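Following this message is one structure expressed as structure tokens.
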Amino acid sequence: QIRYSIPEELTRGAFVGNIAKDLGTDVAKLAAANLQVLSDSDSQYFSVNVNTGVIMVSERIDREQLCGQNPRCFLHLKLAIENPVEFYRIEVEILDINDNPPEFPSDEVSLRIYELASLGARFPIQPAQDPDVGTNTLQTYHLSANDNFNLNVKARTDGGKFPELVLERALDREFRAFHYLVLTAEDGGSPPQSSKIRITIQVLDANDNHPVFDRPSYGARLVENSPLGTLVVKLNATDVDEGPNGDIRYSLSSHNSAALRQIFAIDEQTGEIRVQGNLDFEEATVYEIEVEAKDMGSPTMEEHCSVVVEITDVNDNAPEVILTSFSSTLSEDALPGTVVAVIHVRDRDSGEQGKVLCHVSPDLPFQLRKDYEHQYSLLTSTRLDREHVAYYNVTISASDLGNPPLSRHTILPITLIDVNDNAPQFEQASYEVLVAENNPVGSVLVTVSAADPDSEQNSRLSYSILRAGGTDPGLDPTRYLSIHPTNGQVTAKFPFDYEQTTYLQFHVEVSDGGSPALRNRTLVHVFVVDQNDNAPRVHFPRAGEDSATQLRISPSIVPPALITKVVAIDADSGRNAWLSYHLVEATDLGLFSVALRSGEVRIMRALQETDASAHELLVVVRDAGEPPLSTAVTLVVVVEEKGPEALQGSEARAADDGGLPSITLYLIVSLVLISTV
């Protein structure tokens, strides 16, 4: 804490103090630390030059306007420095100068005094008011020279001085009916200032005894917030005169302020003083009431006394929480110990009732640190996670030490700002897709989906296709497939052909929109399902288009002799390649037969002379697909007399013409095995 003292009414730009020198630091460091001066008052009376570290006066300072009659006047400042955040408390004492003369409420006052007034009678004069304090305020009064009156100055406990005229020599109206005096009020400044009031005294006859209080002053003690009508004190004054001259009426003196008259009232008959307004210890701790008692004589005579009322404090003010600095947003990666808010607390009560303790809920990841008296800092106590809790309502509870204690709760809403700390996660570690061959171009094969618990840009996902390890280098997935970058739909660029590609695998990568972006992958397996899109093809016996294959047999052939075998293959697989052979048409259906699975063509009975010399057979090869596909072959069987030689020749020629290559034999063997299974 740093303290300076300056006189009031300094000009703007006047020097107050050098912060850099008093803090023992370099001016350049203060400028780099964003030095700021914060005032507790509504006006900014001071400013700081960050280049020199000098605090200067920025507005006119009137001590009387700021502090009234308080003997000491202070302005409190806070010096804030960033990186790191530090606060220094500055106290500037405003010294009084003699810039106000004492002033009477009016230029002239009139008194009416009975000629029989007893010696030593006192007649109060409205005092002069001087807003200055200390030696600069009102110090003394001077009365002009006269034969009958002397001046007495009555000092109050609050330092006020009230002039009274004291009758030193008996009055004689017949000798002098009017007295003209001049009262001068003078302060203690250098040079002193003064003002004057003219006093006109009219000497009257008759009522020559004034009321007398049973004691010169009274005292009372009340607690603040006492109910209206509470009795403060009962005054008692007597007058030895009889009749109207001894009938006393009580009233509050004109010396009392208008504010005091609103708080207290007196019964003019009984002299009881009661509370009629709000008593607030924080506004005044002591009230001094001037009371006068007047008789009903003509002219009236009066007497004055003082009633001192002390106010006892009660705990009637809850603590106040003032945010000096606060940020409602906080990054979720903020380290423990990060300052979120700077809080100033105060309580207008006194003593233990004015001491304040603050705390926050232990269930929250925040804590309070007491920087110094009446100031706390709100800090993060642990790591934060926006995906777990995105918003906090931090309640600052401030309680005083009164009995019972009073408290106030202030809620600070804090929103966490997201950082990209979560990678996207797929719903499945891998996907398996069955797709029928000959699928339409653009059809959706699968939709991959990932989620990211981050928010906004950090949760915006983008999908792409990558080649999976172990995949045939010739099968580039991006050649066959495409993926929508935002919804993850995988579509086909071309129809699949089972006979060329039966299986494809690839990776789908998802990345978020953070900086840097976080990524994840999933593996997709695509299995192509065969469709019956290939008809059987006859490999033996071979025949040209729109032509038949001619075979020769001997008339003496013995049934069930093998004439030939129809061999066909189907490029499809499974049931779609499961072939069957059927004799659909023949010159004589009972003469020949075709084996259902092997395709062997045999003669079923011996030839007769009545049989035709040539027989035409139509053999259909059909697969087991849905719907089935088929191929037909026409065989012409010629009956010749040449016998075995001709048959052997034709068989040899058939073997020469239709000899199966080795690959065809392998296909036939495979087909037979598949059919058997």
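Cβ coordinates come from backbone N, Cα and C, glycine included.
What TrEMBL says about a protein is an automatic prediction, not a curated fact.
Found this in TrEMBL, in case it helps:
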type	residues	note
DOMAIN	5-104	domain 'Cadherin'
DOMAIN	105-213	domain 'Cadherin'
DOMAIN	214-321	domain 'Cadherin'
DOMAIN	322-426	domain 'Cadherin'
DOMAIN	427-538	domain 'Cadherin'
DOMAIN	545-663	domain 'Cadherin'
Using DSSP, how many residues of the domain 'Cadherin' (105-213) fall into helix, strand and coil, respectively?
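Taking each residue of the domain 'Cadherin' (105-213) in turn, the totals are 3 helix, 54 strand, 52 coil.
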Mind looking up the mean pLDDT for the domain 'Cadherin' (105-213) in the predicted model?
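Within the domain 'Cadherin' (105-213), the model's average pLDDT equals 86.
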Within the domain 'Cadherin' (214-321), how many residues are helix, strand or coil going by DSSP?
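Going by DSSP assignments, the domain 'Cadherin' (214-321) contains 10 helix, 48 strand, 50 coil.
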Counting by DSSP, what is the helix, strand and coil composition of the domain 'Cadherin' (322-426)?
4 helix, 56 strand, 45 coil
